[in-house]
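Remarks on the structure that follows.
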(Lines of atoms letter the chains of each structure in order from A and count residues from 1; the text may use other names and numbers.)
(Lines give C-alpha, C1' and ligand atoms only; values in the text may rest on other atoms or scores of the structure.)
Protein backbone atom coordinates (compact mmCIF):
# COMPACT_ATOMS: atom_id res chain seq x y z
CA UNK A 1 0.00 0.00 0.00
CA UNK A 2 1.11 3.58 -0.50
CA UNK A 3 2.68 5.19 2.52
CA UNK A 4 4.57 8.30 3.54
CA UNK A 5 7.97 8.41 5.10
CA UNK A 6 9.91 11.37 6.40
CA UNK A 7 13.64 11.64 5.74
CA UNK A 8 15.39 14.54 7.40
CA UNK A 9 12.19 16.57 7.49
CA UNK A 10 11.19 15.84 3.85
CA UNK A 11 8.04 13.96 2.89
CA UNK A 12 8.63 11.22 0.35
CA UNK A 13 5.81 9.48 -1.42
CA UNK A 14 6.96 5.90 -2.01
CA UNK A 15 4.96 3.19 -3.65
CA UNK A 16 5.91 -0.15 -2.12
CA UNK A 17 4.24 -3.19 -0.70
CA UNK A 18 7.31 -4.54 1.04
CA UNK A 19 7.38 -4.09 4.80
CA UNK A 20 11.20 -3.98 4.61
CA UNK A 21 11.17 -0.55 2.99
CA UNK A 22 8.65 0.79 5.52
CA UNK A 23 11.04 -0.27 8.29
CA UNK A 24 13.97 1.13 6.29
CA UNK A 25 12.25 4.49 5.89
CA UNK A 26 11.36 4.72 9.60
CA UNK A 27 14.93 3.84 10.54
CA UNK A 28 16.33 6.49 8.19
CA UNK A 29 15.00 9.24 10.46
CA UNK A 30 17.28 8.05 13.24
CA UNK A 31 20.06 6.29 11.33
CA UNK A 32 21.83 8.67 8.99
CA UNK A 33 23.92 6.05 7.09
CA UNK A 34 20.65 4.82 5.57
CA UNK A 35 19.98 8.22 4.07
CA UNK A 36 21.55 7.35 0.66
CA UNK A 37 19.16 4.46 0.00
CA UNK A 38 16.17 6.51 1.12
CA UNK A 39 17.16 9.22 -1.36
CA UNK A 40 17.64 6.52 -4.04
CA UNK A 41 14.11 5.28 -3.35
CA UNK A 42 12.77 8.80 -3.65
CA UNK A 43 14.58 9.50 -6.90
CA UNK A 44 13.62 6.17 -8.48
CA UNK A 45 9.96 7.00 -7.85
CA UNK A 46 10.32 10.49 -9.30
CA UNK A 47 8.45 11.31 -12.51
CA UNK A 48 11.55 12.94 -14.02
CA UNK A 49 13.34 10.26 -16.06
CA UNK A 50 16.65 12.14 -15.96
CA UNK A 51 16.58 12.12 -12.16
CA UNK A 52 15.89 8.38 -12.13
CA UNK A 53 18.68 7.80 -14.66
CA UNK A 54 21.20 9.83 -12.68
CA UNK A 55 20.25 7.90 -9.55
CA UNK A 56 20.92 4.54 -11.23
CA UNK A 57 24.27 5.78 -12.53
CA UNK A 58 25.25 6.64 -8.96
CA UNK A 59 24.57 3.13 -7.66
CA UNK A 60 28.25 2.44 -7.01
CA UNK A 61 28.51 5.61 -4.88
CA UNK A 62 25.42 4.62 -2.91
CA UNK A 63 26.79 1.10 -2.44
CA UNK A 64 30.04 2.44 -1.06
CA UNK A 65 28.10 4.62 1.38
CA UNK A 66 25.99 1.67 2.55
CA UNK A 67 28.83 -0.84 2.80
CA UNK A 68 28.94 -4.37 1.40
CA UNK A 69 26.53 -6.00 3.84
CA UNK A 70 23.77 -3.37 3.54
CA UNK A 71 24.23 -3.34 -0.24
CA UNK A 72 23.51 -7.09 -0.28
CA UNK A 73 20.70 -6.91 2.27
CA UNK A 74 18.90 -3.71 1.23
CA UNK A 75 20.04 -2.19 -2.07
CA UNK A 76 20.07 -5.30 -4.30
CA UNK A 77 16.62 -6.57 -3.10
CA UNK A 78 15.21 -3.12 -3.76
CA UNK A 79 16.63 -3.11 -7.30
CA UNK A 80 15.19 -6.60 -7.87
CA UNK A 81 11.71 -5.26 -7.12
CA UNK A 82 12.14 -1.94 -8.89
CA UNK A 83 9.63 -2.09 -11.74
CA UNK A 84 10.65 1.05 -13.64
CA UNK A 85 9.03 0.93 -17.04
CA UNK A 86 11.52 3.20 -18.82
CA UNK A 87 13.97 1.28 -20.98
CA UNK A 88 16.75 3.84 -20.58
CA UNK A 89 16.71 3.43 -16.79
CA UNK A 90 16.63 -0.36 -17.05
CA UNK A 91 19.51 -0.33 -19.53
CA UNK A 92 21.61 1.77 -17.16
CA UNK A 93 20.77 -0.61 -14.30
CA UNK A 94 21.79 -3.66 -16.33
CA UNK A 95 25.11 -2.00 -17.19
CA UNK A 96 25.83 -0.92 -13.58
CA UNK A 97 25.11 -4.34 -12.08
CA UNK A 98 27.64 -5.98 -14.40
CA UNK A 99 30.50 -4.27 -12.54
CA UNK A 100 28.96 -4.50 -9.05
CA UNK A 101 30.86 -7.51 -7.66
CA UNK A 102 33.33 -5.39 -5.63
CA UNK A 103 30.44 -3.54 -3.94
CA UNK A 104 28.68 -6.68 -2.65
CA UNK A 105 31.76 -8.23 -1.06
CA UNK A 106 33.60 -9.93 -3.92
CA UNK A 107 33.06 -13.12 -5.93
CA UNK A 108 31.86 -15.14 -2.92
CA UNK A 109 28.74 -12.95 -2.84
CA UNK A 110 28.36 -12.47 -6.62
CA UNK A 111 25.23 -14.64 -6.66
CA UNK A 112 23.17 -11.85 -5.01
CA UNK A 113 23.45 -9.89 -8.30
CA UNK A 114 21.73 -12.58 -10.33
CA UNK A 115 18.04 -11.94 -9.35
CA UNK A 116 17.80 -8.32 -10.61
CA UNK A 117 19.61 -9.24 -13.82
CA UNK A 118 17.36 -12.28 -14.29
CA UNK A 119 14.37 -9.94 -14.16
CA UNK A 120 15.97 -7.62 -16.72
CA UNK A 121 16.53 -10.62 -19.03
CA UNK A 122 12.76 -10.92 -19.42
CA UNK A 123 11.87 -7.34 -20.41
CA UNK A 124 10.59 -6.57 -23.88
CA UNK A 125 13.26 -4.08 -24.99
CA UNK A 126 16.06 -5.92 -26.83
CA UNK A 127 18.93 -3.62 -25.84
CA UNK A 128 18.06 -4.02 -22.13
CA UNK A 129 18.02 -7.82 -22.42
CA UNK A 130 21.29 -7.83 -24.34
CA UNK A 131 22.99 -5.68 -21.71
CA UNK A 132 21.58 -7.88 -18.91
CA UNK A 133 22.93 -11.01 -20.64
CA UNK A 134 26.31 -9.30 -21.12
CA UNK A 135 26.43 -8.41 -17.42
CA UNK A 136 25.40 -11.95 -16.39
CA UNK A 137 28.19 -13.36 -18.56
CA UNK A 138 30.69 -10.99 -16.98
CA UNK A 139 29.57 -11.96 -13.47
CA UNK A 140 29.31 -15.68 -14.30
CA UNK A 141 32.86 -15.74 -15.68
CA UNK A 142 34.11 -14.56 -12.26
CA UNK A 143 31.90 -16.75 -10.04
CA UNK A 144 33.22 -19.77 -8.19
CA UNK A 145 32.40 -23.14 -9.74
CA UNK A 146 30.24 -24.20 -6.78
CA UNK A 147 28.21 -20.97 -7.04
CA UNK A 148 27.77 -21.46 -10.77
CA UNK A 149 26.28 -24.89 -10.11
CA UNK A 150 24.10 -23.68 -7.23
CA UNK A 151 22.87 -20.36 -8.64
CA UNK A 152 23.85 -19.69 -12.29
CA UNK A 153 22.84 -22.98 -13.94
CA UNK A 154 19.34 -22.94 -12.30
CA UNK A 155 18.95 -19.35 -13.54
CA UNK A 156 19.73 -20.46 -17.12
CA UNK A 157 17.20 -23.30 -16.82
CA UNK A 158 14.50 -20.96 -15.48
CA UNK A 159 15.02 -18.51 -18.33
CA UNK A 160 15.05 -21.34 -20.91
CA UNK A 161 11.71 -22.55 -19.55
CA UNK A 162 10.24 -19.05 -19.40
CA UNK A 163 6.67 -18.65 -20.59
CA UNK A 164 7.42 -15.40 -22.42
CA UNK A 165 9.81 -15.65 -25.39
CA UNK A 166 12.08 -12.85 -24.11
CA UNK A 167 13.38 -15.05 -21.29
CA UNK A 168 14.17 -17.88 -23.69
CA UNK A 169 15.95 -15.49 -26.06
CA UNK A 170 18.17 -14.30 -23.19
CA UNK A 171 18.87 -17.85 -22.00
CA UNK A 172 20.61 -18.72 -25.30
CA UNK A 173 23.40 -16.24 -24.56
CA UNK A 174 24.25 -17.77 -21.17
CA UNK A 175 24.88 -21.45 -21.98
CA UNK A 176 28.57 -20.98 -22.81
CA UNK A 177 29.13 -19.63 -19.28
CA UNK A 178 27.06 -22.29 -17.49
CA UNK A 179 28.17 -25.39 -19.41
CA UNK A 180 31.91 -25.76 -18.54
CA UNK A 181 31.26 -25.86 -14.77
CA UNK A 182 28.19 -28.09 -14.90
CA UNK A 183 28.26 -31.71 -13.59
CA UNK A 184 27.99 -34.40 -16.25
CA UNK A 185 24.24 -34.93 -15.71
CA UNK A 186 23.61 -31.18 -15.95
CA UNK A 187 25.69 -30.97 -19.13
CA UNK A 188 23.46 -33.55 -20.78
CA UNK A 189 20.42 -31.59 -19.67
CA UNK A 190 21.86 -28.26 -20.92
CA UNK A 191 22.59 -29.73 -24.36
CA UNK A 192 19.03 -31.05 -24.48
CA UNK A 193 17.59 -27.68 -23.44
CA UNK A 194 19.65 -25.87 -26.09
CA UNK A 195 18.40 -28.32 -28.70
CA UNK A 196 14.81 -27.52 -27.67
CA UNK A 197 15.50 -23.78 -27.94
CA UNK A 198 16.73 -24.33 -31.50
CA UNK A 199 13.32 -25.84 -32.29
CA UNK A 200 11.30 -23.22 -30.39
CA UNK A 201 8.03 -22.03 -31.89
CA UNK A 202 9.20 -18.41 -31.83
CA UNK A 203 11.63 -17.41 -34.62
CA UNK A 204 13.25 -14.86 -32.28
CA UNK A 205 14.32 -17.68 -29.94
CA UNK A 206 15.68 -19.77 -32.80
CA UNK A 207 17.60 -16.72 -34.09
CA UNK A 208 19.18 -16.21 -30.69
CA UNK A 209 20.06 -19.90 -30.47
CA UNK A 210 21.63 -19.79 -33.95
CA UNK A 211 23.68 -16.67 -33.23
CA UNK A 212 25.02 -18.10 -29.93
CA UNK A 213 25.67 -21.63 -31.21
CA UNK A 214 29.35 -20.95 -31.98
CA UNK A 215 30.09 -19.77 -28.43
CA UNK A 216 28.22 -22.70 -26.91
CA UNK A 217 29.89 -25.21 -29.26
CA UNK A 218 33.34 -23.95 -28.22
CA UNK A 219 32.66 -25.18 -24.66
CA UNK A 220 31.25 -28.61 -25.61
CA UNK A 221 33.40 -31.78 -25.58
CA UNK A 222 34.46 -32.95 -29.06
CA UNK A 223 32.41 -36.18 -28.98
CA UNK A 224 29.25 -34.26 -28.12
CA UNK A 225 30.21 -31.55 -30.61
CA UNK A 226 30.13 -34.08 -33.45
CA UNK A 227 26.93 -35.71 -32.26
CA UNK A 228 24.65 -33.29 -30.41
CA UNK A 229 25.81 -29.87 -31.60
CA UNK A 230 26.05 -30.84 -35.27
CA UNK A 231 22.53 -32.25 -35.04
CA UNK A 232 21.36 -28.91 -33.63
CA UNK A 233 23.25 -27.09 -36.40
CA UNK A 234 21.63 -29.17 -39.15
CA UNK A 235 18.18 -28.35 -37.78
CA UNK A 236 18.98 -24.62 -37.90
CA UNK A 237 20.28 -24.83 -41.48
CA UNK A 238 16.92 -26.23 -42.59
CA UNK A 239 14.82 -23.63 -40.75
CA UNK A 240 11.99 -22.13 -42.78
CA UNK A 241 12.94 -18.59 -41.65
CA UNK A 242 15.77 -17.04 -43.67
CA UNK A 243 16.69 -14.86 -40.68
CA UNK A 244 17.54 -18.07 -38.78
CA UNK A 245 19.41 -19.66 -41.69
CA UNK A 246 21.61 -16.59 -42.27
CA UNK A 247 22.66 -16.70 -38.60
CA UNK A 248 23.44 -20.38 -39.05
CA UNK A 249 25.87 -19.30 -41.80
CA UNK A 250 27.88 -17.45 -39.16
CA UNK A 251 27.94 -20.69 -37.21
CA UNK A 252 29.54 -22.47 -40.18
CA UNK A 253 32.78 -20.54 -39.81
CA UNK A 254 32.82 -20.90 -36.01
CA UNK A 255 32.10 -24.66 -36.11
CA UNK A 256 34.52 -25.19 -38.98
CA UNK A 257 37.37 -23.97 -36.79
CA UNK A 258 36.37 -26.36 -34.00
CA UNK A 259 36.09 -29.50 -36.14
CA UNK A 260 38.85 -31.65 -37.60
CA UNK A 261 39.30 -31.06 -41.37
CA UNK A 262 37.66 -34.38 -42.33
CA UNK A 263 34.65 -33.68 -40.07
CA UNK A 264 34.43 -30.15 -41.43
CA UNK A 265 34.31 -31.52 -44.98
CA UNK A 266 31.64 -34.05 -43.98
CA UNK A 267 29.36 -31.75 -41.96
CA UNK A 268 30.00 -28.10 -42.86
CA UNK A 269 31.00 -28.14 -46.52
CA UNK A 270 27.69 -29.54 -47.90
CA UNK A 271 25.77 -26.99 -45.83
CA UNK A 272 27.76 -24.00 -47.07
CA UNK A 273 27.52 -25.17 -50.70
CA UNK A 274 23.74 -25.45 -50.33
CA UNK A 275 23.59 -22.05 -48.64
CA UNK A 276 25.43 -20.49 -51.60
CA UNK A 277 22.37 -21.44 -53.69
CA UNK A 278 19.77 -20.58 -51.01
CA UNK A 279 16.52 -19.04 -52.24
CA UNK A 280 17.01 -16.08 -49.89
CA UNK A 281 19.53 -13.45 -51.06
CA UNK A 282 20.22 -12.53 -47.43
CA UNK A 283 21.55 -16.04 -46.78
CA UNK A 284 23.68 -15.94 -49.92
CA UNK A 285 24.96 -12.51 -48.82
CA UNK A 286 26.13 -13.99 -45.51
CA UNK A 287 27.81 -16.87 -47.33
CA UNK A 288 29.67 -14.40 -49.58
CA UNK A 289 30.99 -12.65 -46.47
CA UNK A 290 32.03 -15.84 -44.66
CA UNK A 291 33.17 -18.22 -47.41
CA UNK A 292 36.89 -17.37 -47.39
CA UNK A 293 37.12 -18.25 -43.66
CA UNK A 294 36.08 -21.85 -44.42
CA UNK A 295 38.80 -22.44 -47.00
CA UNK A 296 41.50 -22.93 -44.37
CA UNK A 297 39.24 -25.18 -42.30
CA UNK A 298 38.44 -27.65 -45.11
CA UNK A 299 41.85 -27.72 -46.81
CA UNK A 300 43.05 -27.09 -50.40
CA UNK A 301 41.36 -29.93 -52.32
CA UNK A 302 37.76 -29.34 -51.07
CA UNK A 303 38.35 -25.62 -51.57
CA UNK A 304 39.27 -26.20 -55.23
CA UNK A 305 36.49 -28.66 -55.97
CA UNK A 306 33.62 -27.20 -53.90
CA UNK A 307 34.23 -23.70 -52.55
CA UNK A 308 35.69 -22.09 -55.68
CA UNK A 309 32.61 -22.98 -57.79
CA UNK A 310 30.37 -21.74 -54.95
CA UNK A 311 32.27 -18.44 -54.81
CA UNK A 312 32.10 -18.01 -58.59
CA UNK A 313 28.29 -18.44 -58.37
CA UNK A 314 28.16 -15.71 -55.71
CA UNK A 315 30.28 -13.35 -57.84
CA UNK A 316 27.73 -13.83 -60.64
CA UNK A 317 24.65 -13.75 -58.38
CA UNK A 318 21.47 -12.09 -59.63
CA UNK A 319 21.28 -9.80 -56.57
CA UNK A 320 23.60 -6.78 -56.49
CA UNK A 321 23.91 -6.97 -52.69
CA UNK A 322 25.35 -10.50 -52.94
CA UNK A 323 27.79 -9.44 -55.68
CA UNK A 324 28.88 -6.47 -53.51
CA UNK A 325 29.68 -8.79 -50.60
CA UNK A 326 31.47 -11.30 -52.82
CA UNK A 327 33.45 -8.60 -54.67
CA UNK A 328 34.57 -7.10 -51.36
CA UNK A 329 36.19 -10.41 -50.37
CA UNK A 330 37.84 -11.23 -53.71
CA UNK A 331 41.39 -10.42 -52.57
CA UNK A 332 41.06 -12.37 -49.31
CA UNK A 333 39.70 -15.37 -51.24
CA UNK A 334 42.47 -15.21 -53.83
CA UNK A 335 45.17 -15.15 -51.12
CA UNK A 336 43.99 -18.59 -49.99
CA UNK A 337 44.16 -20.04 -53.53
CA UNK A 338 47.25 -20.62 -55.61
CA UNK A 339 47.75 -17.97 -58.35
CA UNK A 340 46.88 -20.32 -61.24
CA UNK A 341 43.52 -21.18 -59.67
CA UNK A 342 42.76 -17.50 -59.07
CA UNK A 343 43.66 -16.57 -62.66
CA UNK A 344 41.64 -19.46 -64.11
CA UNK A 345 38.43 -19.13 -62.09
CA UNK A 346 38.26 -15.78 -60.24
CA UNK A 347 39.81 -13.32 -62.69
CA UNK A 348 37.13 -13.80 -65.41
CA UNK A 349 34.49 -12.90 -62.81
CA UNK A 350 36.51 -9.84 -61.75
CA UNK A 351 36.55 -8.63 -65.36
CA UNK A 352 32.76 -8.98 -65.51
CA UNK A 353 32.32 -7.14 -62.21
CA UNK A 354 34.49 -4.22 -63.38
CA UNK A 355 31.69 -3.37 -65.83
CA UNK A 356 28.81 -4.41 -63.55
CA UNK A 357 25.56 -2.49 -63.93
CA UNK A 358 25.64 -1.59 -60.21
CA UNK A 359 28.04 1.23 -59.30
CA UNK A 360 28.18 -0.15 -55.73
CA UNK A 361 29.50 -3.48 -57.02
CA UNK A 362 32.19 -1.68 -59.01
CA UNK A 363 33.04 0.43 -55.96
CA UNK A 364 33.38 -2.65 -53.73
CA UNK A 365 35.63 -4.28 -56.32
CA UNK A 366 37.76 -1.13 -56.72
CA UNK A 367 38.37 -0.98 -52.97
CA UNK A 368 40.09 -4.40 -52.94
CA UNK A 369 41.23 -5.23 -56.47
CA UNK A 370 44.65 -3.59 -56.03
CA UNK A 371 45.42 -6.18 -53.39
CA UNK A 372 45.21 -8.89 -56.05
CA UNK A 373 48.42 -7.64 -57.71
CA UNK A 374 50.82 -9.14 -55.11
CA UNK A 375 48.79 -12.38 -55.18
CA UNK A 376 48.82 -12.84 -58.97
CA UNK A 377 52.39 -11.65 -59.59
CA UNK A 378 53.91 -9.20 -62.08
CA UNK A 379 53.09 -10.93 -65.38
CA UNK A 380 49.41 -11.59 -64.61
CA UNK A 381 49.01 -8.10 -63.15
CA UNK A 382 50.36 -6.47 -66.33
CA UNK A 383 48.36 -8.65 -68.69
CA UNK A 384 45.12 -9.12 -66.77
CA UNK A 385 44.72 -6.53 -64.00
CA UNK A 386 46.10 -3.32 -65.54
CA UNK A 387 43.29 -3.05 -68.12
CA UNK A 388 40.76 -3.50 -65.29
CA UNK A 389 42.51 -0.79 -63.22
CA UNK A 390 42.38 1.63 -66.16
CA UNK A 391 38.72 0.84 -66.74
CA UNK A 392 37.85 1.52 -63.09
CA UNK A 393 39.99 4.71 -63.05
CA UNK A 394 37.77 6.08 -65.82
CA UNK A 395 34.52 4.96 -64.16
CA UNK A 396 31.74 7.54 -64.17
CA UNK A 397 31.07 6.99 -60.45
CA UNK A 398 33.49 9.05 -58.24
CA UNK A 399 33.72 6.49 -55.43
CA UNK A 400 35.02 3.86 -57.84
CA UNK A 401 37.82 6.17 -59.00
CA UNK A 402 38.62 7.17 -55.40
CA UNK A 403 38.97 3.56 -54.30
CA UNK A 404 41.42 2.80 -57.10
CA UNK A 405 43.52 5.93 -56.47
CA UNK A 406 43.93 5.22 -52.76
CA UNK A 407 45.54 1.80 -53.36
CA UNK A 408 47.94 2.49 -56.23
CA UNK A 409 51.01 1.81 -54.08
CA UNK A 410 50.09 -1.90 -53.91
CA UNK A 411 50.38 -2.12 -57.71
CA UNK A 412 53.59 -0.12 -57.80
CA UNK A 413 55.26 -2.72 -55.56
CA UNK A 414 54.49 -5.40 -58.15
CA UNK A 415 54.90 -3.85 -61.61
CA UNK A 416 57.41 -1.05 -60.91
CA UNK A 417 57.18 2.70 -61.37
CA UNK A 418 58.09 2.82 -65.08
CA UNK A 419 55.16 0.73 -66.18
CA UNK A 420 52.86 2.39 -63.64
CA UNK A 421 53.74 5.84 -64.94
CA UNK A 422 53.23 4.80 -68.57
CA UNK A 423 49.91 3.08 -68.05
CA UNK A 424 48.18 4.77 -65.13
CA UNK A 425 49.68 8.26 -64.87
CA UNK A 426 47.71 9.74 -67.81
CA UNK A 427 44.52 8.62 -66.08
CA UNK A 428 45.72 10.15 -62.79
CA UNK A 429 46.48 13.48 -64.49
CA UNK A 430 43.01 13.40 -65.99
CA UNK A 431 41.49 12.78 -62.56
CA UNK A 432 43.42 15.75 -61.15
CA UNK A 433 40.95 17.92 -63.05
CA UNK A 434 37.91 15.81 -62.24
CA UNK A 435 34.64 17.75 -61.83
CA UNK A 436 34.04 16.07 -58.43
CA UNK A 437 36.15 17.91 -55.85
CA UNK A 438 36.47 14.84 -53.62
CA UNK A 439 38.24 13.00 -56.44
CA UNK A 440 40.63 15.93 -56.88
CA UNK A 441 41.18 15.93 -53.10
CA UNK A 442 42.03 12.20 -53.12
CA UNK A 443 44.57 12.79 -55.91
CA UNK A 444 46.21 15.64 -53.94
CA UNK A 445 46.52 13.50 -50.81
CA UNK A 446 48.12 10.74 -52.87
CA UNK A 447 50.62 13.05 -54.65
CA UNK A 448 53.41 12.98 -51.99
CA UNK A 449 53.41 9.17 -52.00
CA UNK A 450 53.37 9.10 -55.79
CA UNK A 451 56.14 11.71 -55.91
CA UNK A 452 58.39 9.72 -53.61
CA UNK A 453 57.89 6.68 -55.84
CA UNK A 454 58.36 8.55 -59.14
CA UNK A 455 61.41 10.54 -58.09
CA UNK A 456 62.19 14.25 -58.47
CA UNK A 457 62.82 14.32 -62.20
CA UNK A 458 59.66 12.55 -63.24
CA UNK A 459 57.60 14.55 -60.76
CA UNK A 460 58.86 17.90 -62.11
CA UNK A 461 57.97 16.93 -65.67
CA UNK A 462 54.52 15.43 -65.10
CA UNK A 463 52.98 16.57 -61.81
CA UNK A 464 54.67 19.80 -60.74
CA UNK A 465 52.32 22.07 -62.70
CA UNK A 466 49.27 20.32 -61.24
CA UNK A 467 50.37 21.10 -57.68
CA UNK A 468 50.46 24.82 -58.45
CA UNK A 469 47.19 24.66 -60.35
CA UNK A 470 45.36 23.31 -57.28
CA UNK A 471 46.31 26.44 -55.29
CA UNK A 472 43.77 28.30 -57.44
CA UNK A 473 40.96 25.74 -57.26
CA UNK A 474 37.42 27.01 -56.71
CA UNK A 475 36.92 24.74 -53.65
CA UNK A 476 38.51 25.83 -50.34
CA UNK A 477 39.25 22.25 -49.21
CA UNK A 478 41.24 21.68 -52.40
CA UNK A 479 43.26 24.88 -51.92
CA UNK A 480 43.95 23.98 -48.27
CA UNK A 481 45.04 20.47 -49.26
CA UNK A 482 47.21 21.89 -52.04
CA UNK A 483 49.05 24.13 -49.53
CA UNK A 484 49.63 21.14 -47.23
CA UNK A 485 50.77 19.16 -50.26
CA UNK A 486 53.50 21.72 -51.03
CA UNK A 487 54.79 21.45 -47.47
CA UNK A 488 54.98 17.63 -47.69
CA UNK A 489 56.76 17.83 -51.06
CA UNK A 490 59.28 20.31 -49.63
CA UNK A 491 59.91 17.91 -46.74
CA UNK A 492 60.40 14.96 -49.14
CA UNK A 493 62.57 16.67 -51.78
CA UNK A 494 64.34 19.18 -49.54
CA UNK A 495 64.56 23.01 -49.25
CA UNK A 496 66.90 23.41 -52.23
CA UNK A 497 64.43 21.70 -54.58
CA UNK A 498 61.56 23.70 -53.09
CA UNK A 499 63.51 26.94 -53.57
CA UNK A 500 63.84 26.18 -57.26
CA UNK A 501 60.44 24.68 -58.04
CA UNK A 502 57.90 25.84 -55.46
CA UNK A 503 58.85 29.18 -53.85
CA UNK A 504 59.13 31.29 -57.06
CA UNK A 505 55.72 30.13 -58.32
CA UNK A 506 54.08 30.59 -54.91
CA UNK A 507 55.43 34.14 -54.58
CA UNK A 508 54.30 34.94 -58.10
CA UNK A 509 50.72 34.05 -57.14
CA UNK A 510 50.77 36.47 -54.18
CA UNK A 511 49.58 39.24 -56.52
CA UNK A 512 46.51 37.32 -57.73
CA UNK A 513 43.55 39.70 -58.12
CA UNK A 514 41.23 37.37 -56.18
CA UNK A 515 41.64 37.76 -52.39
CA UNK A 516 40.78 34.08 -51.69
CA UNK A 517 43.76 32.93 -53.71
CA UNK A 518 46.00 35.50 -51.99
CA UNK A 519 44.84 34.02 -48.66
CA UNK A 520 45.82 30.54 -49.89
CA UNK A 521 49.33 31.81 -50.66
CA UNK A 522 49.61 33.18 -47.11
CA UNK A 523 48.57 29.76 -45.81
CA UNK A 524 51.18 28.06 -48.02
CA UNK A 525 53.88 30.46 -46.74
CA UNK A 526 53.04 29.71 -43.09
CA UNK A 527 53.34 25.97 -43.82
CA UNK A 528 56.54 26.23 -45.90
CA UNK A 529 58.45 28.56 -43.57
CA UNK A 530 59.38 25.92 -40.93
CA UNK A 531 60.58 23.56 -43.71
CA UNK A 532 62.58 26.21 -45.57
CA UNK A 533 64.42 27.52 -42.50
CA UNK A 534 65.15 31.05 -41.20
CA UNK A 535 67.39 32.25 -44.03
CA UNK A 536 64.96 31.64 -46.91
CA UNK A 537 62.03 32.71 -44.73
CA UNK A 538 63.64 36.09 -44.00
CA UNK A 539 64.92 36.74 -47.52
CA UNK A 540 62.06 35.40 -49.64
CA UNK A 541 58.88 34.71 -47.66
CA UNK A 542 58.70 37.44 -45.00
CA UNK A 543 58.80 40.38 -47.46
CA UNK A 544 55.73 38.98 -49.26
CA UNK A 545 53.87 38.72 -45.95
CA UNK A 546 54.78 42.28 -44.93
CA UNK A 547 53.64 43.55 -48.33
CA UNK A 548 50.32 41.73 -47.88
CA UNK A 549 49.76 43.66 -44.63
CA UNK A 550 48.99 46.70 -46.82
CA UNK A 551 46.22 44.79 -48.64
CA UNK A 552 42.85 46.51 -48.86
CA UNK A 553 40.92 43.37 -47.79
CA UNK A 554 40.61 42.89 -43.97
CA UNK A 555 40.60 39.09 -44.33
CA UNK A 556 44.06 39.26 -45.89
CA UNK A 557 45.37 41.56 -43.15
CA UNK A 558 44.24 39.43 -40.21
CA UNK A 559 45.64 36.35 -41.96
CA UNK A 560 48.93 38.26 -42.23
CA UNK A 561 48.81 38.64 -38.42
CA UNK A 562 48.25 34.88 -38.07
CA UNK A 563 51.16 34.07 -40.40
CA UNK A 564 53.50 36.45 -38.57
CA UNK A 565 52.52 34.80 -35.27
CA UNK A 566 53.37 31.37 -36.71
CA UNK A 567 56.75 32.29 -38.23
CA UNK A 568 58.27 34.63 -35.62
CA UNK A 569 59.72 31.67 -33.60
CA UNK A 570 61.66 30.61 -36.75
CA UNK A 571 63.54 33.89 -37.32
CA UNK A 572 66.11 35.81 -35.25
CA UNK A 573 64.99 38.22 -32.55
CA UNK A 574 66.45 41.15 -34.47
CA UNK A 575 64.14 40.36 -37.41
CA UNK A 576 61.19 40.19 -35.04
CA UNK A 577 61.96 43.63 -33.61
CA UNK A 578 62.87 45.33 -36.91
CA UNK A 579 60.24 43.82 -39.23
CA UNK A 580 57.54 41.69 -37.60
CA UNK A 581 56.69 43.80 -34.53
CA UNK A 582 56.36 47.13 -36.42
CA UNK A 583 54.10 45.43 -38.98
CA UNK A 584 51.87 44.02 -36.21
CA UNK A 585 51.78 47.35 -34.35
CA UNK A 586 50.53 49.03 -37.50
CA UNK A 587 47.88 46.33 -37.97
CA UNK A 588 46.78 46.68 -34.33
CA UNK A 589 45.56 50.19 -35.20
CA UNK A 590 43.52 49.02 -38.21
CA UNK A 591 39.86 50.14 -38.39
CA UNK A 592 38.70 46.49 -38.69
CA UNK A 593 38.02 44.81 -35.33
CA UNK A 594 39.20 41.35 -36.49
CA UNK A 595 42.49 42.70 -37.81
CA UNK A 596 43.09 44.46 -34.48
CA UNK A 597 42.19 41.29 -32.53
CA UNK A 598 44.57 38.93 -34.38
CA UNK A 599 47.44 41.45 -34.51
CA UNK A 600 47.18 42.08 -30.76
CA UNK A 601 47.05 38.32 -30.19
CA UNK A 602 50.29 37.94 -32.20
CA UNK A 603 51.96 40.78 -30.28
CA UNK A 604 51.01 39.15 -26.96
CA UNK A 605 52.50 35.84 -28.17
CA UNK A 606 55.75 37.60 -29.09
CA UNK A 607 55.90 39.40 -25.73
CA UNK A 608 55.25 36.16 -23.87
CA UNK A 609 58.10 34.38 -25.66
CA UNK A 610 60.45 37.31 -25.15
CA UNK A 611 59.68 37.45 -21.42
CA UNK A 612 60.12 33.71 -20.92
CA UNK A 613 63.47 33.71 -22.80
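Quick reminder: no glycine exception, Cβ is built from N, Cα and C everywhere.
Residues annotated as repeat 'HEAT' in TrEMBL: 36-74, 190-228, 229-267, 268-306, 307-345, 346-384, 385-423, 424-462, 463-501, 502-540, 541-579, 580-613.
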Intrachain residues whose Cβ lies under 8 Å of the repeat 'HEAT' (502-540), provided they are six or more past its termini:
467-468, 471-472, 476, 479-480, 482-484, 486-487, 489-491, 495, 547-548, 551, 553, 555-556, 559-560, 562-563, 566-567, 570-572, 575
Using a Cβ cut-off under 8 Å, which residues of the same chain at least 6 positions beyond either end of the repeat 'HEAT' (307-345) come close to it?
269, 272-273, 276-277, 281, 284-285, 287-289, 291-292, 294-296, 298, 352-353, 356-358, 360-361, 364-365, 367-369, 371-372, 375-377, 380, 384
Just to be sure I understand, if DSSP states are collapsed into helix, strand and coil, how many residues of the repeat 'HEAT' (463-501) fall in each?
34 helix, 0 strand, 5 coil
